[in-house]
Structures are given as structure tokens and as C-alpha cells.
Amino acid sequence: MSSGYSSAPSVSHTSSDTDLNRIDSYDDGAEETTDEQRMCGLSELVTSCLTSSRLKAIDEEDEEENCNDIEIVGLSKTTTKVKRSKKVLSCPIVSSSTKKENGNAAPFLKSSQFTDVPPTIRFYTKGTKVTKPARKIQARLTWCHNSLLPIVMRQTLAASHFTVVDESLFYVGYWGRHLKSAQYRALQPHQKVNHFPGAFHIGRKDRLWMHIRKQQERFEGEFDIMPFTYILPTDRQELLKYLETDASRHVIVKPPASARGTGISVTRKPKDFPTTATLVAQHYIERPLTINRAKFDLRLYAYVPTFEPLRVYIYDQGLVRFASVPYSHSVSTISNKYMHLTNYSINKLAEADGVANKPVPKWTLHHLWEHFDEMGVDREKIQREIEEVIIKAFISTEKPIREHMSRFLEQEFICYELFGIDIILDEDYKPWLLEVNISPSLHSGTPLDVSVKAPLAKDVLNLAGVYVPPSFDKLSDADYSTRPRNGRKNREQLIKEASWVAAYKDQLGVIDNRIFKRLTPEDTRALVEFEDELERIGDFKLVFPTAHTSHYQKYFAETIYMNILLQQWQIAQEDDRSIGINRLEQLCRQKHMQSDQETSF
């Protein structure tokens, strides 16, 4: 074979969602295996025999209103345990739905593009009729109950036949509070959780600023993405000196780990800067952009499936949050929280407090872009600059997060995270990062919220790539070798990584397609995961890495092999993705991901 990357042979695919739909009509006892194999070459993970175990359900009304269509199992004073049967049955992936039902129902599974890579579960918004999987698979479609699990997420899970269960029971997924670091060690390969250990490095306002400040010192003038911030009480004297030089200066004081407007104030009074409590004080942007004379900020949503290699997606939709009363530069108004703060949790009370004669407005992000178009504003430039701010924020914090993960997480693929990014525009349309939230609220109190957050919940779960879990008796020895990124690196991989990182440094950040001459099993897993992920992207947009983001590599605290591999892959794939995809498919057909041997091309 030729050693050139561009000469990879073309391989046709027989796997498709149509194949999956066709399997949906098989009976529980069907012996047909050809279509299952053709579907996507399912691994032992989902083709293994299934036990006849069932979760014992109890009738319990959900603690949140409007969720009575979602069953919660095991929430009684006496914990309900999973009963296991010694009898093993042979059954297919999906249930014996009738052909008529399948014709009207959306598919339950999303096939991989690649042989021997299992499919992922499809998620939908409320009201979508979805093909039911086999009963014994549906028994394992369980999600951990948590008080932070929002209604739109519950409804999305219910549409795909998931049951919400007590945390003491077997569960596949978790969406809730950030876990304690040590809890990540107990997670199993079949589980998915919505946080990374160490995410506080970007979610805490003090940590985020510390990391951005380091980047400002390394790259002067290139990381002015966040208003200057003081960490109190350490920086108290520096803050007082800043305020003394100009009587019009103010700062926004916030607790470092709060959300939804808790504990926020705009001030310049020394008494508001305690000498003991930990707070952050951020330069106040005195000339913000206003719409209809009101100050506003943006809530955007960023999704990160992995920090090695770092990948960042931004959701196409978002929220625009307004202050309740017209903005004024007057110092005398500085204490008016309804004028200077844009948190919806604060401003929704303005009408009841008598300071506004109507409910505070809220726009979608699309509404804002339409407004800019009508005003003749270059909104594409603003969007590019916002993307740059978000990318730089994640690059600033990725090293400490990776280091924290390495201590507490054996398999990175079990984690994913949705971040709430708060951005404000000044009067020159420059975007400024205010903070990053690691648990952005998906609770939806208005139809506008539902229109944004319900599709978001669905797209997040699809992008996360939730697999059908193995049977209860197979959990300890399930074969995850065909899953992307199994967390292990052999000597061959380590040697290749070290040599290419050294070459990258020697060539001053230049890399070429020779990095693809030999793809190791670990390389293949990472690229297969990425290509399948792009097939589930929904309304997210990949902003890093792309074919045009190689200039960001210099900002990383250290050169990571997987980052440069994926960056170069994006450059090589720009004109024709099918070439690389066909090569990966050939490797999958050769069971390369299960091999410890390197394949030469």
C-alpha cells in the first residue's frame, strides 16, 4: 500500500439508520443475526445475551410538577433492589414493535459510521413517538434521580424510554450536581455523567481569572477576554488603589462559586470588601451596549466532550437577558440592581417590587442576531469574536482540569459537560467574558425558555453518545475495546506521542500529514469517536478544533499529542472528509482498535 494519507482506499458502507429501523420489527425470540451485524457490526457490548432481570417499579409522583409522565423507581423508604435471574435469554437489540408502529415511530438507535462500533441511543424532545427497544433492554435504560434534573431533560429521557431511578440502583446516566472528586473513581464504563472532575477550574470565578491572568502574562495583549478581576481578600489593597484614582470607578463583587445572581453587588465602598471572606471584584463595564436603553447580557451554551483532545462546541441558540429599567451612567444609580444587573433571577422580581410596569423581557439569541441585521451591525464578526473568547477560556483552563482528571478518572469517555457562558458586549460591540457556569440552569419557566432548552437537552444527550448498557451479569467483563478512548495507552502509543510532540516543538508548531502514516489503535479510537460525534451534532457548532484554528495551539500550556493529531486531521479533512472516514472504516474492519499492533499504510 502507498504510505500517503491521501491515497487511502475507498470503502463503501452498508451501515445506515435504515438498517436500524428494519431491525426494529424483529420479534424478541428472532434468531436472525445478519442484519444486526450489518447494522454496524455491534460489539459484545450490545449483542451479548440479555438477562431476564427487571427493575421493580413503584408508583411515586415526581417531586417536580408536570413530570407525572416519568416514572421514578426505588424512591421509597425501603430501597428497591435489582433482582437478577439466573436464566439467560437470547434476544435482539430492539423490541417486537409492529411494522406499522415502526413506520410512524422515530428510530431508537443511531448507527456508527464504522464497523464494530456500537450504536448510540437517540434522544428526542417531548411528544416524539420513538420505537421501543426490547423489554429486557428497556429495563436497563435507567437514569439517576437528582433534584437538579430539569423537566426538559426528564421529558427527553422519557421519550427514549428511560426510567428515572434512585441513585442506589443500576443507572446509565447522571445529570445533576458536580460530584466530589473521589466519587468519579467509582463510576463504571457503561455510565455517563455530566461533569468532569476539576471543572471548578473554569467554573469558579477566582480560578478562572487566575488561569486567564497567567495567559495574559504569557501572551501580552492576546487574552483581554475578561474584565480585570481582584481576588479578595488577597488583592484588597490593589483594588482600593484602583478605586482611589477615579471616583467614577466601580466593581461588581461576587462570591467565587455562586450562580443566579446570589450575593452580587455593584460598589466602590471599602466596607464592601471584607478582609476575611473570599470574594471576587470585577471591573465594571461602564459603557455597555444597550437595546431599548436597557443593559443586557448573553447566555450561551458550550459543550465539551473531552479535554484530551480538547473539543469545544457552541450551541446555535441561547438567551438574551435584560435589566428591568433603562440604563444610566449616573453614579447615583449605581445601587439600583434592576438597572445594573442582568440576572433573570433578580430582574423577574422588578415588576412585583414596583420598579417596572411589565415583566422583564427575554430574547432568544436568534432574535438578537436579527436585531443586529436590521441595525446593519456586522453580527458575523461579533460571533467570531465570541467564539474566540470561549476558545481561549477553555485553553486557559484545560491543563489544570486535565491534571485533576488524571488523578480521579480512569476512563474519560464517561464524562461530558455543558457549560453556561455569560458574555456582555460593550458599546463598541466587543464581547467580554463575565463567568462560566458548570451547572447552567435548564429549568424552563416560560415558553421562550422551553423553545431553547428542550432542543438543547436533546442535542446534549445525543452528542454525549449514550450506549445501550450491557446486561447486569456482563457489567464486570463487558468488552469496551471497540468504544473510543478506552483510557489505556501502550508503549507503542507513548513512543509515537513523544516523538511527534518533540517534532512539533522542533518545527516551531508546524505539523504535516506524516502524522497519519501510522495510526495506532488509540489514534483510531480518538478519530472514530470524533467522526461519529460530528454525525450527532444537532444544532451545536464545532468551534475547536477546525481547519482554521491551528493558531490557537501556541496558547496551550503544554503540547498534547492528541490536540495536534486532531488539529491536523481537521486540516487534512477540510476538502473531502470521505477520504479519512474511509481509511478509518478500513481499520475498523481489520479490528485495528482491538489490536496492540500498529498498522502501516
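Backbone N, Cα and C define each Cβ position, glycine as well.
Taken from Swiss-Prot, the feature compositional bias 'Polar residues' covers 1-18. What Swiss-Prot lists as region 'Disordered' is 1-37. According to Swiss-Prot, the domain 'TTL' annotation covers 138-476, on the basis of sequence analysis. Annotation comment: Swiss-Prot describes LYS254, ARG260, GLY261, GLN282, HIS283, TYR284, ILE285, LYS295, PHE296, ASP297, THR342, ASN343 as ATP binding site, evidence class similarity to another entry. What Swiss-Prot lists as protein binding site is ARG260, and the listing cites similarity to another entry. Among the features that Swiss-Prot reports, L-glutamate binding site is placed at ARG321, TYR344, SER345, LYS362, LYS453. Marked as Mg(2+) 1 binding site by Swiss-Prot: ASP422, GLU435. Feature annotation from Swiss-Prot assigns Mg(2+) 2 binding site to GLU435, ASN437; the stated evidence is similarity to another entry.
The DSSP secondary structure for LYS453 (L-glutamate binding site) is helix. Here HIS283 (ATP binding site) is compared against the binding-site residues TYR344, LYS362, ASP422, GLU435, LYS453, and the shortest C-alpha distance is to GLU435. Within 10 Å of ARG321 (L-glutamate binding site), counting C-alpha to C-alpha distances, fall the following of the binding-site residues ILE285, PHE296, THR342, GLU435, ASN437: PHE296, THR342. THR342 (ATP binding site) has a Cβ environment of 25 other Cβ atoms inside 10 Å. Same-chain residues that are not part of ARG321, TYR344, SER345, LYS362, LYS453 yet have a Cβ within 8 Å of the Cβ center of the L-glutamate site turn out to be ARG299, LEU319, ASN343, LYS348, SER441, ASP449. Taking CA atoms as the reference points, TYR344 (L-glutamate binding site) and PHE296 (ATP binding site) are 10 Å apart. Taking each Cβ in turn and tallying the other Cβ atoms within 10 Å, the top scorer among the binding-site residues ASP422, GLU435 is GLU435. Between the CA atoms of LYS362 (L-glutamate binding site) and GLU435 (Mg(2+) 1 binding site) there is a gap of 19 Å, rounded to the nearest whole number.
Within 10 Å of the C-beta of SER345 (L-glutamate binding site) we count 13 further C-beta atoms, all protein chains included. Within 10 Å (C-alpha to C-alpha) of ASN437 (Mg(2+) 2 binding site) lie the following binding-site residues from LYS254, SER345, ASP422: ASP422. Annotation for ILE285 (ATP binding site): same-chain Cβ neighbours under 8 Å, separated by at least 6 residues, are PRO227, ILE424, ASP426, TRP432.
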